[in-house]
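Trainee: My questions will all concern the structure given below.
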Amino acid sequence: MTQTSEPSTVDLSVFGEDTVARAQQLISRYPLSRSALLPMLHLVQSVEGHVSQAGIAFCAGQLDLTNAEVSAVATFYTMYKRRPCGEHLVSVCTNTLCAALGGDAIFAKLREHLGSEGKPLGQEETSGEPGTPGSITLEHAECLAACDLGPVLQVNYEFYDNQTPDKALELVTALQAGEKPAPTRGAPLTDFRQAELQLAGFFEGRESDLDGPSAAAETVRGARIAADNGWTAPSMSDDVAFPPLPEKK
Amino acid sequence: MVDNLTPVLTKRWLSPRSWTLKTYEQLEGYTALRKALGAHPDQIIQQCKDSGLRGRGGAGFPTGMKWGFIPQGDGKPHYLVINADEGEPGTCKDIPLMMADPHSLIEGVIITSYAIRANFAAIYVRGEALHCIRRLNGAVQEAYAAGYLGKNILGSGFDLDVVVHAGAGAYICGEETALLDSLEGKRGQPRLKPPFPATAGLYASPTVVNNVETIASVPFIVNGGSDWFRTMGRERSPGPKIYSLSGHVTRPGQYEAPMGTTLRELLELAGGMKDGIPLKFWTPGGSSTPLFTADHLDVPLDFEGAAEAGSMLGTTALQLFNETVSVPWAVMKWTEFYKHESCGKCTPCREGTYWLVQILQRMVAGNGTASDIDTLLDVCDNILGRSFCALGDGAVSPITSGIKYFKDEFLALCDKNSAVLAGAH
């Protein structure tokens, strides 16, 4: 493979010693270093609010890859944003089931609300100056695996279940005003960048996030009905033995 | 007679702070691991084969057989990779499981790794499932601190490291070889098989890739035995299964019942269709499984039952749509999804899904003609079985089954245009 010389003009100073240390820590988690690339892209996104050319060059440098190799990966995955994101990322599920239950109407309402001069906000566009308080990037998402709670949306990947256009509008208006309404399931809301740091695998000082709610009534519906009716799986007998060691063929 | 619901995997979900090690240990957690470490690894593989456990990620491959494919004594490192990239439309069982009871997955991971002789395991979780990633990470930390992970686990001489790996938004990574490429830090694109992961998987070494629900079942099989597991479900599809009901149903949610339970039985538990509006169509196991209609309420939902009725069990993601929903519209929405998620590696899927979306959008907008139906089926025919991986096959399922059962609805969209065209001559 021909190694082309990388432009030397990319300024990596935004990635300080702590980021370098974290990048090295990521590499140490895997048998082969390149496996650290996906978490590392989340890491640079936590620093800059998107994956910039500098972010790509940083990952390439840490992993001894070319910028082209890292770019090829970064552009493949929808969670790596190529333009600066808002303080919050709002993702509305518009896959078939959520859409039929109101997801399309929610997305349309938010596009209209966050748009300007009569023009609705487009996919992955940002309302407000990216990164500043109250700025919001809006996207429609594919199935978010919460279909029993649809229509759903996420803010910075925390779940807001059983939404309606009005509830979603109220939520987004609150976010714009600097409030952080609690998710239905997930940790107390922070911002997009802090969520990305956790996706990179860094949770220090955030242990209490674990206690954020996770089980909606829908989640435990079957288990609850079974408990109420005294239904159980057949009981296990004590001292179940393993089968004998199979003979070698 | 087995009860209507058989909570095994979902039972602990009702306990307070069910995700903590403390709760897990109070509820028999890690007892199966202690037992397993006292057995020979091959005995665990044999027990899994005897149980008849089949993969819960959609394909239903026999789990014990998959483990048995790993060559032993080959001198190469072995790996276990958990496919926690839940994203098949309608599927919402693994994420609640990992949030509510992450230790059951981790205990299953340790037992499975011991059985296949792996010393490194990765749990590849969908990136959008942040809270789930937190809980798993917290559970892994707890397991290390308690000596269930790391060096010389419980004095057995067995070592295992587990990493929780966040994906980055790509449905294709649920395909096992695309997942492996992604875990290696590449674009998530499927690999040509063979070689299969059992011989050349992660880093070209023997690798088992299993779904979350599959591996979380393992500690229960170790504790209960294969005969116990077979007291639930049917001969060729034994065990309990988490059925996820969503859409126009009175009480959507997760229902764990014996394999082979029917939608009629599940609907009864779920309070019937919402507002009494009749059922029109549904997916037995996500959008990649051909649609069923109200005529399929009594199909036993296990691997054989769903296949005999012309669909697939998939992930038992039952998405229910009532009479208010247009089939061509729903099919168009799903097709937009497959087009967006097609990885682009092979031509039939990349180009085919693109054209399918164009045609369906035109039809739904009222600008189609009856010949579009033939074109759709023709394109589907060029994708099915001709794509690199199952994404292409899945993409055509809603279209071909939608046209099979609801052709009149597609035709009705074109009536007006046929008349105009006829009048033009």
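Keep in mind that glycine also has a Cβ here, set from the backbone N, Cα and C atoms.
Heads up, TrEMBL stuff is auto-annotated, nobody curated it.
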Trainee: Which stretch does TrEMBL mark as region 'Disordered', out of A:110-129, A:230-249?
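Mentor: Range annotated as region 'Disordered' by TrEMBL: A:230-249.
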Trainee: Just how many other Cβ atoms lie inside 10 Å of the Cβ on A:Cys98 ([2Fe-2S] cluster binding site)?
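Mentor: The Cβ of A:Cys98 ([2Fe-2S] cluster binding site) has 31 Cβ neighbours within 10 Å.
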Trainee: Under a three-state reduction of DSSP output, how is A:Cys93 ([2Fe-2S] cluster binding site) classified: helix, strand, or coil?
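Mentor: DSSP call for A:Cys93 ([2Fe-2S] cluster binding site): strand.
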Trainee: Could you break down the residues of the region 'Disordered' (A:230-249) into DSSP helix, strand and coil, giving a count for each?
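Mentor: When I sort the residues of the region 'Disordered' (A:230-249) into the three classes, I find 0 helix, 0 strand, 20 coil.
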Trainee: A:Cys143 ([2Fe-2S] cluster binding site) has how many other Cβ neighbours within 10 Å of its own Cβ?
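Mentor: I count 30 other Cβ atoms within 10 Å of it.
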